[in-house]
Amino acid sequence: AERLLEYMEEVESEREYDGYYYSLGEALSIVVLGSLCGLKNVSQIHQWAESERTREWLKEKFAIERIPCYYWLLSLLKMVKPESLNQCLSRWVRQMLPEEREGLTLAVDGKTVRSTEGKKGYQRPLHIISAQLSELGVTLASKSVDGKSNEIPAVQELLQQMDIAGCLVVADALNCQRETAKVIVAGKGDYLLSVKENQPSLMQDIRDYIQDDALRGGMSAQSIQEKNRERIEKRTAFVTQDIDWLPQKSQWDHLACIGAIHTEFQTKAGKSSQWHYYISSRLLSAQSLLHHARMEWAVESMHWLLDVHFEEDYLRVANKTIQENMNQLRKFALGMIKQYKSRTASKRPLSKLMFDCLLDPNMILRVLAQN
């Protein structure tokens, strides 16, 4: 925990800043600590840091003697290079990773920050791509783009910059692209890509094959059923490695299997069902397809938390750099809380663990501890 300030001091600023008034690293540390408490915006974080109890604690544990005023805190966040902050947070996260990554899911997904829509300085709403190790709940890297339409090349660039060796990269149908698959294989990773209408012939061929009852009978199959309040959900996965017949096989690097998940919903209103189709460069079983496809939802769950708990889509800060830096710091805080929850086998929801941090500053130190 005491190394937090040391890491934050390594972050670079957009313009030369000698830290005469306030340390950039100290300001970032305050924002990280406040985000761990679940505080939603810079105003709340500043108010928390200004309290007498927090001042004394910051001085004792982190040797932070001066708290920037609210406008200085915004100015310092505006100075921070998002790329440098991303590298710094990634270095911290990599310390927690197991040496063996085989079997881990790297989920890649984009999120549009709705509060930037129509704001001055934005031709399109800010769109931020996140790469998350889903089983661990930590974000390894982020990248901002100008609108969702630019997500495909940005995802490819982000993956090229990362160490993805041994990981199974999962992505939605937008990123089901031959070039993206090529980038993943070149990085010594594997891919599991959702197939939808943007790959019409591929989807049609997989659908026709898997929905043939006679052919489906010879596939690897696995079902799981969950009950959530008044809804029963049953997911059944089918996987086959018999794909020599697939016309598009040679177009996708190292394509090893195809699969599908049939989801059946039962509520008071009645029954419904849907199919999802997949391609993968890894030889998956039906059970592992269920697991890794579910891990793709973990990054979407993180985006939901950013919206619902941190109210990111309602922030009024117009500056793009502040928005991007705050997004990264919140994701880091969520990842640390998830790691603590996993490490301690706590059954408390994330929101209550963050509230525990707000009530007991020493809880923050336990969350930041690596073991």
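Using the three backbone atoms N, Cα and C, a Cβ is placed for every residue, glycine included.
Listed in TrEMBL:
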- 6-93: domain 'H repeat-associated protein N-terminal' (DOMAIN)
- 105-330: domain 'Transposase IS4-like' (DOMAIN)
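Residue counts of the domain 'H repeat-associated protein N-terminal' (6-93) by helix, strand and coil are 58 helix, 2 strand, 28 coil (DSSP-based). Model confidence over the domain 'H repeat-associated protein N-terminal' (6-93) is summarised by a mean pLDDT of 91.
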